[in-house]
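Okay, so here's the structure we're looking at.
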Amino acid sequence: MNNLADTVVVDPGFGGGDKQQQAGPAPQDASVVVPPPATKQSSALKKTSRYRSRSLSASSTDSFSSASYTGSSEDGDDVPPREKVQKNSKGSSDFCVRNIGAQHAFGRREIEIAEQEMPGIIALKKRAAEDKPLKDAKIVGCTHINAQTAVLIETLVELGASVRWAACNIYSTQNEVAAALAESGIPIFAWRGETEEDFWWCIDRCVNAENWQPNMILDDGGDATHLMLKKYPTMFKLVKGIVEESVTGVHRLYQLSKAGKLTVPAMNVNDSVTKTKFDNLYSCKESILDSLKRSTDVMFGGKQVVVCGYGDVGKGCAQALKGQGCIVYITEIDPICALQASMDGFRVVKLNEVIRNVDIVVTATGNKNVVVREHMDKMKSGCIVCNMGHSNTEIDVNGLRTPDLTWEKVRSQVDHIIWPEGKYIILLAEGRLVNLSCSSIPSFAVSITSATQALALIELFNAPPGRYKSDVYLLPKKMDEYVASLHLPTFDAHLTELSDEQAKYMGLNKAGPFKPNYYRY
């Protein structure tokens, strides 16, 4: 393997396939209804004209539309952020956001609202702020930019870190939150609707800054790690540790380790118990319904749905949809997960067996080409297709960018793909993360993950030389338990304490950890 691209999954944040993005039609202003041309419409256009007219004209006030969530994220400012000269109230221009002046106050309120539902990360900030465990840490962050991650970013700063931040997804940034962070003095380079060039430029501005050299990476998808290793290998060797929170990013790290190219220790947060059992499961259980409802106003009762993948994300999606009265099918490659799905009451099928009849397709695998053009050719008209995995490669969107198909944007993050005979499918967020592109995610679940990320950064940064080698590690069990304990007061939950006799009988320390590393919760 001669180059990094051979050893990693292709760009999960932006995706190599997005190089053809300009082939699609230009987005229409959501507040304007464009009169139809005086030509004969296809049957699909006739069937959906009423839906499109309502969504185009009313999306700004519709309580379930994505516009109602993004707020000022869709501000209609056509001037590219990189061409603007902006300064915050302190005179700093070390940032690049959509519009700091018009949005930062609203973004600050969003962050304050999120803090109320994030007790764990706030408790950690209060307990550790005086000790400054991240003093002298210089962290490059590449994650989703929303109110919840803003709470994490400001917590890291409060714990002593210097940070620079970019987005890991071109559609998930809340512009008003990015503006609020910029106003508070945090160097942030992110806005909703970045191009591919913008995406990599933003990460580069974070990594390669004047008089500032990163020594830690907090990644979601592996893009900051990928760029730094490929473009700044000497700088990469000076990094003390990497913290990665996504399936795709962890996969890339293991590939680098296997190829002998991972020269720094990395912490796999994605497979920590507090991430998989709470964020992946409970967060996805709520956000999949919110995403579909906001973007399509779909009625769930009686709908046939296929969920591709029955890991923790797939489990959450399937259980939520089943609870709303959907008939849910599961596709799986793993016999253990397939058996779990079967015993949970779901029918496990191959995608081709049900693709002609289902109303909704949800991917949650972290793999590529799970739903390809052949499948979409067989879908019935009006089928909704969306992705809950990290990567934008699960749905073969490039296979839909052909001359015989027509793309029509009907809402922010909602496209109709129309076949010559009039059939159409509804593609959400162009195959990217639907819950972060079309809705929001529960702040409480993100608090658990954020506290886990913060502790992982503290552990790697303060670890004595030799404790961690150039490999990928799981978060120590003791830290998982500590993160959980930070959130128990919210429920007025009281833990039972072991007696000395009980602790001796079980061979445990009374303060934990209480389960071995191989225990499956």
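Yeah, the Cβs are placed from backbone N, Cα and C, and that goes for glycine too.
Positions annotated as region 'Disordered' by Swiss-Prot: 1-92. Annotation source Swiss-Prot lists compositional bias 'Low complexity' at 54-73. Among the features that Swiss-Prot reports, substrate binding site is placed at Asp220, Glu245, Lys275, Asp279, with the record citing similarity to another entry. The annotation NAD(+) binding site is assigned in Swiss-Prot to 246-248, 311-316, Glu332, 388-390, Asn435, 515-519.
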Cα-to-Cα gap, Gly314 (NAD(+) binding site) vs Glu245 (substrate binding site), nearest whole Å: 17
Cα-Cα distance linking Asp220 (substrate binding site) and Pro516 (NAD(+) binding site), given in Å to the nearest integer: 27
Which of Asp220, Glu245, Asp279, Glu332, all binding-site residues, has a Cβ with the fewest other Cβ atoms inside 10 Å: Glu332
Those residues of the chain, 6+ apart, with a Cβ under 8 Å from that of Gly311 (NAD(+) binding site): Asn280, Cys337, Ala364, Thr365, Gly366
Tertiary neighbours of Lys275 (substrate binding site) (same chain, Cβ under 8 Å, six or more apart): Glu245, Val269, Ile448, Thr449, Thr452
Residue pair Ser246 (NAD(+) binding site), Asp220 (substrate binding site) - Cα distance, angstrom, rounded: 5
Densest Cβ neighbourhood among Gly314, Pro516 (binding-site residues), 10 Å radius: Gly314
Cα-to-Cα gap, Asp279 (substrate binding site) vs Tyr519 (NAD(+) binding site), nearest whole Å: 19
Residues near Tyr519 (NAD(+) binding site) in space but at least six apart in sequence (CB under 8 A): none
Cα-Cα distance, maximum over Asp220, Glu245, Lys275, Asp279, record's substrate binders, Å: 14
Other residues, Cβ within 8 Å of Asp220, Glu245, Lys275, Asp279 Cβ centroid (substrate site): Ser246, Val269, Asn270, Asn280, Thr449, Thr452, Gln453
Coarse DSSP state, helix versus strand versus coil, of Asp220 (substrate binding site): coil
Local Cβ density at Ser246 (NAD(+) binding site) - other Cβ atoms counted within 10 Å: 24
For Lys275 (substrate binding site): DSSP state (helix, strand, coil): helix
